[in-house]
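**Student:** First the structure, which I've put down as structure tokens, then a few questions once you've had a look.
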Amino acid sequence: MENQYASHTAFNNPQGQQNQTQPSPASPEVQSASLKPEHTCTETETHIERSSAGSRWLYKPLRLKYLLTFVAIDIILLVVVISLTVISSKNQGFVSIPSQNISTTTTLAANDRSIDFSFSFEIGVLWTSLPSFVFSFFAAYWGWIAAAVSDRQPFIDLRKPGGADARQTVLLDYRFVPIFWRWVAAFKRSHAAVGSTVLLTLSLTYLMQPLSARLFAPQSVLLPGDVPVSFAAEFEENRIGANMDWRPIMSAVSATKLYNGGRIAWTDDQYAYRPFQAGAGAVDANARVAANTTAYAAYLNCEVIPDYKMGLNRRDSLSGTVTVAGTDRGCDFKQDFAVISSQEIYFKTTTQLQCSADAYYSRLVFTAGTFSSSAQYLLANMSVISCATGYHVQPGVLTVSGAPATDGTGTTTIHSFQPTSEPDMERPALWRIFEDGIFSTTAWSQGAEWTTTDFGSLILYHAQKRSPGGFLDPDILKSSISDMFTSVYMTAVAVNGMRPTPGAASFSGSVVTPTTRLFVVPWVAYVVAVFLVLALGFAVFILVHAQTNHCILAEEPRGLLSLAGLLEDSSLAGAARRARMQDGFKGQTRKMGKKMPEVKNRKWVALRDENDTRWIISSVDREADRKTSGGA
């Protein structure tokens, strides 16, 4: 065959009758009359290349400014995500959040009555919906670009030298291929640009965008800072002396240790602390203030005495005076107390203040037993416990919340105490008065099973709370004795030993404020960053692809008029007319055309007319095209 246009003319006029001087407007021969009569494939390719410079129309999203805008948005989002991730990891989040609920109530007057309208807004919606909205917009922008790439592809293939199959050109419209498998159809047709952009669209829309709602998450943290603090009181040893009222102290210990009441301010299970407070308005009420202070404590080192001597001075067979004597670590002690059948439980408490320094100065001695008329000394289940006393003053850093943020009268919560040096083990000046006075008060209760000092009752009730059936066990008693002594001493220090010092000089402390901060969820940020990098790379690829792969369009094929302009003088119009003339035609031109050999078995190409003003879509016979290519 002489050239591809001769093949096209022969196909459209099977009778071989050509009238180039007076062609019929309705006949397909119009196309051959309008084309240059003699072109080889090589000449056609040269003609296309020569004409391409004047026809570089692009879909709007593929134009340089829109692609560069997408690139700019992508880079901005990438920088923001990476920056916030770094800031979040280094600064315990990147922003502080107020209360997560904002509520307001509006009152309206209507018909002599008020109507309340309540509005509540959960601020958490912002850090879930805002990223989702931003990345939804980003995915939609890319979808706009990807749709243009898909729509443009058949018109690119029409411009290829030698054309392309009908399934890639005149029978293809990606707009009507569902997006979920559009990428499969594209890769089957070797349309890599279409397939890759559609895959990225699906990834951005159905992976990145939902994940972005979890990009930020609130978390409570402690933010450190400095704050001026001053002591609210100071410890005076002489305030724990003979004039101290013991009953309020015993009552306070009873409420705290026996009935689970709140702790005395500025005490914990071991220490009484010198109180301090932050500068007025310097910290939030929930802030944790840490400052150097002093802790005061007393403790007992108790031993169960296995070897002791007993004596009994009987009055009659059911009463008498019992004597208990023994030695504990170099300190002698002795107790005398009456026993009688009307009392079942005995718990004798005494103080020995005449021990040597080597024997730790003093002892608190406790003897427990139950009345038994058959026992030699009228007492059974005997246990003798002797306790050496000790005191220490411990400097350290105390972290508290509550009262330090106010005037010091509020509730104080002790969080931690960190010793900073070795404790001072020297005994307080009035330690003898304290140890003797701790047994100075006695309460009698008609329903009580025993008669002992107030301190002894605290010990027995505490032991009974710990072990109701075996509270007279020596180990249970020993532990309760130690706990109660420590509690009584630190309560006495906190209640009586501290003298208020208003206007005291301030010093530097630290504050950690519980704050809700917004964090970047790292793994979500990494996934989002990967998608943004991929989108950036694809945007650059599409930018190059759009500039180097031209199509035949000079405008967007919008509406029937634009489509009619594309089909003017084309052999495709004749094929459509013949499809409508086929038997069984039911108005489905494309469906019928897919079955016609002149459509499906031919390649389709767009060629410039002889005036080089427009493109005309023409069919090329595969066999003729192969022969022409071989002859060239």
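First residue shown is number 1, and so on along the chain.
Keep in mind that glycine also has a Cβ here, set from the backbone N, Cα and C atoms.
As listed in TrEMBL for this protein:
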COMPBIAS  1-11  compositional bias 'Polar residues'
COMPBIAS  12-24  compositional bias 'Low complexity'
COMPBIAS  36-47  compositional bias 'Basic and acidic residues'
REGION    1-47  region 'Disordered'
TRANSMEM  66-87  transmembrane segment
TRANSMEM  130-150  transmembrane segment
TRANSMEM  190-208  transmembrane segment
TRANSMEM  523-544  transmembrane segment
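Thinking about packing and proximity, how do these listed features fit into the structure?
**Tutor:** Under 8 Å from some Cβ of the transmembrane segment (66-87) lie the Cβ atoms of residues 60, 94, 134-135, 138, 141-142, 145, 215, 520, 522, 525, 528-529, 532-533, 535-536, 539-540, 542-543, 546, all in the same chain and six or more residues away from its ends.
Within the same chain, residues 59-62, 66-67, 70, 73-74, 77, 174-175, 182, 186, 193-194, 197-198, 200-201, 204-205, 208-210, 212-213, 215-216, 528, 535, 538-539, 542, 545-546 sit at least 6 positions outside the transmembrane segment (130-150) and bring their C-beta atoms closer than 8 Å to a C-beta of that stretch.
Sequence-remote contacts of a segment are chain residues at least 6 beyond its ends whose Cβ falls under 8 Å from one of its Cβ atoms, and for the transmembrane segment (190-208) they are 135-136, 138-139, 142-143, 145-146, 149-150, 153, 168, 174, 179-180, 182-184, 527-528, 531, 534-535, 538, 541-542, 545, 549.
Long-range Cβ contacts of the transmembrane segment (523-544) within its own chain (Cβ-Cβ under 8 Å, at least 6 residues beyond either end) map to 62, 64, 67-68, 70-71, 74-75, 77-78, 81-82, 84-85, 135, 138, 142, 145, 149, 193, 196-197, 200, 203-204, 207-208, 211-212, 214-215.
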